[in-house]
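Asker: Checked TrEMBL, it gives:
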- His168: active site (ACT_SITE)
- Glu272: active site (ACT_SITE)
- Arg69, Gln87, Arg92: substrate binding site (BINDING)
Amino acid sequence: MAGSGSERVAVDLCKGINGLDKVVLRGPRGSSAEVYLYGGHVTSWRNDHGEELLFVSSKAIFKPPKAIRGGIPICFPQFGSHGSLEQHGFARNKFWSIDIDPPPFPTNSKSFIDLILKPSEEDMQKWPHSYEFRLRIALGPGGDLMLTSRVRNTNADGKPFTFAFAYHTYFSVSDISEVRVEGLETLDYFDNLQNKERFTEQGDALTFESEVDKIYLSTPTKIAILDHEKKRTFVLRKEGIPDAVVWNPWDKKAKTMTDFGDDEYMHMLCVEAAAVEKPITLKPGEEWKGRLELSAVPSSYCSGQLDPQKVLQSS
């Protein structure tokens, strides 16, 4: 299942809200992460100082079949309403299992958990494909959070299948009006607020003053989210996942969401590694892999000490 640190338990299985099973990962210097088996859903990521880095709504409903509002929902095999399934597919609404015999997987972390999702008979009626979805969630020695998804086509009938995917990450920010996103300038995007019409982003960093719901295409492997007030920069690194979704519901939409506080839009931003524009097709026996690594670094951007381009270029 996972390794154990000598000084503290690196991986702990316990009960969460409403008695749902969750796994707590602990890093050697105080960082932590929490993962609910319901949805294979990361609901907490804290740095070495115990500061929460992900946003989870105070009104989140930890009760199946409702998806948990916040953290890192897994969108599979559909993104949004782009298909016949429920919003964002069914992976975030299913109980995942701990994978007790995962395939070999190199890691430098002692704090990780391997989860697996396979289709139920009910799932097969809605989406008639056999698959294995393996998800490793690891907390690096420096407190970085790493998620690796591997989807394998196990259809016995020889048929390929096609799916979309996203790590729907909700970042915690101090004030959305003081946040900027670097790395998406000059890229094409679909604007979901304008009938999915295609536009090209301007040359400036993204800032926020109203509702946003955009799918950026062919994005770089690194994206930076600068929180001026907290003097913190999130660096998102991704592999095998070409698109990036940026979403904030703003005030009007927030008021229509029963599991989201009216003013909570001010303290969150979703920047999601996604494969939406060109869904992934797997033949039987083929496997797709998509990796996300999140880190949070202190920054003094207001005083000009952090050059975002250097953040993006650093390894």
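Placed from the backbone N, Cα and C atoms, the Cβ positions cover glycine too.
Quick caveat, the model's predicted, so the values are computed rather than measured.
Explain the structural surroundings of these features, please.
Answerer: A C-beta separation below 8 Å, combined with a sequence spacing of at least six in one chain, links His168 (active site) to Ile72, Pro73, Ile74, Cys75, His88, Arg92, Val245, Cys270, Glu272.
Less than 8 angstroms from the CB of Gln87 (substrate binding site) sit Gly80, Ser81, each of them six or more residues away in the same chain.
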Asker: For a quick check of packing: other C-beta atoms within 10 Å of the C-beta of Arg69 (substrate binding site), how many?
Answerer: 22
